[in-house]
Amino acid sequence: MPDIYVLGVEDYKKILDFQRRLNNLRNQNKIEDSFIILEHNDVYTSGVHYKGAMDNIIKTERGGYLTYHGPGQLVAYFIINMKEGNKNVLDVIRLIQKTVTDFLEVYNIDAHPELNEKTGVWVNNKKICSIGLAIKGFSTLHGMALNINTDLKKFYLINPCNFDPEIMTSIEEIKGFKIPMDDARKKYMEILIRDFKIENYNLYTKINDFYI
C-alpha cells in the first residue's frame, strides 16, 4: 500500500536524497507510491530551465526555474509510478493542482490551475502554488509548494518561476491570518488521500534511516 510521510520542518538536501532513494525503489517495484508532506528550512532551489548563476542555490532535476522554500510553506512530494494506470506527467500535475484548489476551497479561496509557462495554482493574477516535477525511470519525484504563511519577502531575492517576485501570494496575505501548519498538513493529507483515491496507506511521521 502507499506510504505517506507527514513530517515537520526538514533540511532540503536530506529530503532530496530521500526522494531519490524512494524513486529508485519505486522504479524497481520494491515499494508502492509515496507521498511526503512537510516544510523546509530556508532554501533556494533551481530547476532544469534555469540557466543563470546564483550563489547558495541547490540545483535539482525538477522542471522550472528558481524558487524559494521555507517555514510556513506547505510542500508535498510525489513518488508515483506512471506505468500503473497509464498515467502521464500532465495527469499527475492536474491531480496535484486539484489537491491544491480543493485545499484552498476549505479557506474560501477561489483558485485556478494553469499549465505551460504558468504551471501552478493562481488566485486571480497572483501565484500561490508552484509545481515542478521530474521523471526518473517510470516514476516522478519533486512536487508542489503552497504558500500558507510564507515570508513573501524571501521571494524578492529571485525571480520565482521566472516571474517578478510581486506575483507571489499566500493564504496569510489573502485572508489576513495565519494557519497553524500542523492543521494545514493534516487537512492537506486528508484531501490528498481523497483526490488520489487512496483507500489504505502506511503513515509515517519520521523517515526510516534505511531510506537515506
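Glycine is no exception: its Cβ is also placed from the backbone N, Cα and C atoms.
Around the Cβ of Cys161 (active site, acyl-thioester intermediate), the same chain contributes Gly64, Tyr65, Leu66, Thr67, Gly120, Lys127, Ser130, each under 8 angstroms and 6 or more positions distant in sequence. DSSP assigns Cys161 (active site, acyl-thioester intermediate) to a helix in the three-state reduction. Taken from TrEMBL, the feature active site, acyl-thioester intermediate applies to Cys161.
The annotation substrate binding site is assigned in TrEMBL to Arg62, Gly63, Gly64, Tyr65, Leu66, Thr67, Tyr68, His69, Ser130, Ile131, Gly132, Gly143, Met144, Ala145. Neighbours of Gly64 (substrate binding site), defined as other CB atoms within 10 A of its CB across all chains, total 24.
The domain 'BPL/LPL catalytic' annotation in TrEMBL covers 16-200.
Lys127 (site 'Lowers pKa of active site Cys') falls within a strand when secondary structure is assigned with DSSP. Here TrEMBL flags Lys127 as site 'Lowers pKa of active site Cys'.
The Cβ of Arg62 (substrate binding site) has Thr45, Gly47, Val48, Gly132, Leu133, Ala134, Leu141, His142 as same-chain neighbours under 8 Å, each 6 or more residues away in sequence.
DSSP assigns Arg62 (substrate binding site) to coil in the three-state reduction, placing it in neither a helix nor a strand.
For Met144 (substrate binding site), the same-chain residues that are 6 or more apart in sequence and have a Cβ closer than 8 Å to its Cβ are Val75, Ala76, Ile96, Val100, Gly120, Cys129, Ser130, Ile131, Gly132.
DSSP assigns Met144 (substrate binding site) to a strand in the three-state reduction.
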